[in-house]
Amino acid sequence: MSDAMRAGAVWERVRRRLRAEFGEDVFNSWFKSIEIDHAADDAVRLSVPTRFLKSWIDNHYRDRIIARWSEEAAQPIRIDMMVRSAVTNRVPLKPKAAPESVRPIIQSGARTPDQAPVINGHSDALGGSPLDPRLTFDSFVQGRSNTLARAAALQVAQSRTTDSVLFNPLYIHAGVGLGKTHLLQAIAGTAQAAGRRILYLTAEKFTFGFVASLKNQTAIAFKEALRNIDLLIIDDLQFLQGKQTQAEFCHTLNALIDAGRQVVVAGDRPPSDLENLDERVRSRLAGGLTVEIGGLDENLRLDILKQKLNQARAQHQGFDVPLAVLGYVAKHVTQNGRDLDGAFNRLLASNRLTNQPVTIEMAERSIRDLVRVAEPRRVKIEEIQKIVAQHYNVSRSDILSSRRTATVVRPRQIAMYLAKTMTLRSLPEIGRRFGGRDHTTVLHAVRKIEGLVGQDPALNEEVEVLKRRLND
Ligand code: ADP
Ligand code: MG
């Protein structure tokens with residue numbers, strides 16, 4: 001048998017094993033297009049259709065291929081990867097265009113001709129970009145709760161492609177309506193104006209795009225599209241669905257970051273709390289800079305309203321809102337930026353429709369349903385641990401430890417109980433945050449305290465005191 005035939009037979013077996021090991025989708029994405037270019041006894045040269053595939057396989061799968069090959073050939077082997085020239089390219093995977101869902105929402109015009117046509121092909125189809133031109137740094141009002149997030153965002157937006165990347169990825173988290181999307185879009189707009197190639201996607205779009213690309217056999221195009229950008233911005237990461245999509249996202253994250261490209265991600269909670277997220281993604285995210293946007297305090301709410309008024313005045317002649325009314329709205333609409341938007345729009349609508357000046361009475365009437373009884377604020381597990389530890393005069397690390405003396409067992413159980421009743425965290429997540437305990441342990445603690453609170457008025461009072469302190 002010739003070297004080539006032998007190598008061909010070995011490669012068949014290696015392929016089978018890789019397919020079994022990684023699954024059909026990953027196999028099709030990465031290994032399917034590999035061909036043997038040249039084979040000798042102790043060395044093979046494999047080829048792939050694109051430079052991107054080559055570097056990806058080199059970085060992620062090369063060792064695995066070598067190991068499997070050496071096992072199958074029963075001897076150590078050297079492997080070289082190369083890119084097949086366009087002429088001998090026999091791979092039918094090159095799609096004509098990226099699937100619709102891969103279309104970038106925002107994209108810069110600047111692009112050199114040698115870059116993959118995947119995104120290019122769609123720049124026309126993009127037409128009116130859904131990038132909201134109002135969501136800029138100028139219109140983002142700075143307050144105590146968002147200073148750091150804004151500064152980090154600005155830094156990322158203004159750095160040039162050639163600059164070294166300072167924090168990567170930048171992860172911004174906050175509750176709903178606190179300005180995440182506003183900041184991401186401001187980054188996108190600024191970087192785009194500076195000629196950087198950017199891609200702004202919601203995690204849902206990413207998921208959908210990846211899944212669709214697998215179905216359409218355009219996974220490589222999808223990956224190529226992602227490779228060709230300077231700045232990847234992913235919004236609402238909590239909606240990234242599916243193991244495989246997450247693995248792909250992880251690859252993308254790693255590849256971009258390793259290549260010195262910037263990644264910015266926003267989510268509704270810190271990476272450690274993204275329970276459904278692949279551990280690798282979580283730790284990669286945690287390895288960058290994580291900043292939180294806190295709630296909007298009354299001053300900030302007032303400033304945001306003032307800035308909305310300025311925008312509205314420019315568009316609607318004769319429209320004005322007295323400062324006292326803005327103050328009233330800022331005081332009473334406390335939830336988030338979306339409710340502020342809603343309240344403001346109603347004032348505008350009332351004024352435009354009735355031609356009546358905006359007054360406090362009008363404001364009262366039109367925003368009544370937005371004025372909610374103050375919701376209990378978000379309580380953090382760390383805070384619960386801290387307050388409970390203080391209260392029982394133990395240390396927080398005692399609570400997280402495996403010590404089982406009564407002086408720490410009860411406070412620990414109370415803290416777990418409060419974590420379950422005062423946050424939306426799941427039992428496994430709470431277990432993890434309490435020194436890596438099993439969810440059944442948490443469940444036991446919760447039931448235990450629930451039972452005791454019903455029987456023991458003194459304990460009930462203690463728990464109530466703790467709750468009040470946490471809600472302050
Ligand atoms: P998120 O993505 O965090 O849910 P958004 O970015 O969509 O929140 O913000 C909701 C609304 O509140 C938007 O209209 C946004 O412009 C406004 N908003 C939030 N924070 C600010 C801010 N600091 N300055 C100006 N507008 C803000
Ligand atoms: Mg958002």
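Here the Cβ of each residue, glycine as well, is placed from N, Cα and C on the backbone.
Lifted from TrEMBL, the feature list:
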- 1-95: region 'Domain I, interacts with DnaA modulators' (REGION)
- 166-292: domain 'AAA+ ATPase' (DOMAIN)
- Gly177, Gly179, Lys180, Thr181: ATP binding site (BINDING)
- 352-472: region 'Domain IV, binds dsDNA' (REGION)
- 380-449: domain 'Chromosomal replication initiator DnaA C-terminal' (DOMAIN)
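Annotated features, which come from TrEMBL, shown on the structure.
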| residue | record | CB count, 10 Å |
| --- | --- | --- |
| Gly177 | ATP binding site | 18 |
| Gly179 | ATP binding site | 26 |
| Lys180 | ATP binding site | 24 |
| Thr181 | ATP binding site | 18 |
DSSP-derived helix, strand and coil totals, residue by residue, for the region 'Domain IV, binds dsDNA' (352-472): 86 helix, 0 strand, 35 coil
Extra residues within 8 Å (Cβ to Cβ centroid of Gly177, Gly179, Lys180, Thr181), ATP: Ala174, Val176, Leu178, His182, Leu183, Ala266, Ile293, Gly337
Per-region confidence, the region 'Domain IV, binds dsDNA' (352-472) (mean pLDDT, whole number): 89
Secondary structure content, the region 'Domain I, interacts with DnaA modulators' (1-95) (per DSSP, counts of residues): 50 helix, 17 strand, 28 coil
